[in-house]
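Notes follow the structure.
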Amino acid sequence: MLSAVARGYQGWFHPCARLSVRMSSTGIDRKGVLANRVAVVTGSTSGIGFAIARRLARDGAHVVISSRKQQNVDRAMAKLQGEGLSVAGIVCHVGKAEDREQLVAKALEHCGGVDFLVCSAGVNPLVGSTLGTSEQIWDKILSVNVKSPALLLSQLLPYMENRRGAVILVSSIAAYNPVVALGVYNVSKTALLGLTRTLALELAPKDIRVNCVVPGIIKTDFSKVFHGNESLWKNFKEHHQLQRIGESEDCAGIVSFLCSPDASYVNGENIAVAGYSTRL
């Protein structure tokens, strides 16, 4: 089944003029740009979520990280605190209301308000077709990937209003280019694009901007079906416009920008971080 997923990605890349210079993912030093701000990042103990949490903390924010497993929270906390970053952590299954309440309480322990919410948590428990997916799996994917960001935001909203804050949802390039055998996951990530635009409209009067980051193929545990296959991974890189596959840090910088004053006039956008254009 995993090979079906891999085949589904092969149609994404189109021949074009390639850049001869490898692009840097390290970004520019923006230390302090988010000083004295508070960020909550879900699904943030590994991969893209962890990179985002680290970047926000490096840029001055106090960051609350979360994961479903205590051992993952402890490991991520040790790494970030070892770098001298201001972080707190808590176990949170975003699909559970009581866990979301505890996450909110943890964030409020520090300063009584929250400036940024980054929803990076997501699941895909099944590799298979859309119509072959059980109702139970449908409910699980949509609950975690789509409902939980909105419900968590509703719980945080009283503490985010009028702070010139930002909400960042993390979708997937599968929202634009569906992947074979990731049926319901594709649907859930497409739904986030609409959720972003709707929330942006609703929350603008409260001085909260809402945008969405849409990662392409990023080297994480989620994509190990690709980078674990050396020949397939090499083929992807050779046919990619930038001749490389993304790193988690490639997504982190754009999230920090979207939280910063530099993005104060950016709202309701779905921004692809894929190394190629997804649309006109």
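Heads up, the Cβ atoms here are built off N, Cα and C, so glycines get one too.
Per Swiss-Prot, the features are:
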- Tyr185: active site, proton acceptor (ACT_SITE)
- Ser46, Ile48, Tyr185, Lys189, Thr220: NAD(+) binding site (BINDING)
- Ser172: substrate binding site (BINDING)
- Lys96: N6-acetyllysine (MOD_RES)
- Lys96: N6-succinyllysine (MOD_RES)
- Lys219: N6-acetyllysine (MOD_RES)
- Lys219: N6-succinyllysine (MOD_RES)
- Ser223: phosphoserine (MOD_RES)
- Lys237: N6-succinyllysine (MOD_RES)
- 1-23: transit peptide (TRANSIT)
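Overlay of Swiss-Prot annotations on the structure.
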{"residue": "Ser46", "record": "NAD(+) binding site", "CB count, 10 Å": "16"}
{"residue": "Ile48", "record": "NAD(+) binding site", "CB count, 10 Å": "29"}
{"residue": "Lys96", "record": "N6-acetyllysine", "CB count, 10 Å": "14"}
{"residue": "Ser172", "record": "substrate binding site", "CB count, 10 Å": "29"}
{"residue": "Tyr185", "record": "active site, proton acceptor", "CB count, 10 Å": "27"}
{"residue": "Lys189", "record": "NAD(+) binding site", "CB count, 10 Å": "28"}
{"residue": "Lys219", "record": "N6-acetyllysine", "CB count, 10 Å": "17"}
{"residue": "Thr220", "record": "NAD(+) binding site", "CB count, 10 Å": "19"}
{"residue": "Lys237", "record": "N6-succinyllysine", "CB count, 10 Å": "15"}
* **recorded positions clustered about Ile48 (NAD(+) binding site) [Cα within 10 Å; pool: Lys96, Ser172, Lys237]** => none
* How far apart, in Å, are the two Cα atoms that lie farthest from each other among Ser46, Ile48, Tyr185, Lys189, Thr220, the residues recorded as binding NAD(+)? -> 20
* Asked: Closest of the recorded positions to Lys237 (N6-succinyllysine), Cα to Cα, picking from Ser172, Tyr185, Lys189, Lys219, Thr220?
  -> Lys219
* To do: Starting from Lys189 (NAD(+) binding site), work out which of the recorded positions listed here (Lys96, Ser172, Lys219) have their Cα within 10 Å, and give them in sequence order.
  => Ser172
* To do: Measure from the Cα of Thr220 (NAD(+) binding site) to the Cα of every one of the recorded positions Lys96, Ser172, Tyr185, then give the nearest.
  => Ser172
* Structure fact -> For Tyr185 (active site, proton acceptor), the spatially nearest of the recorded positions Ser46, Ser172, Lys219, using Cα atoms, is Ser172
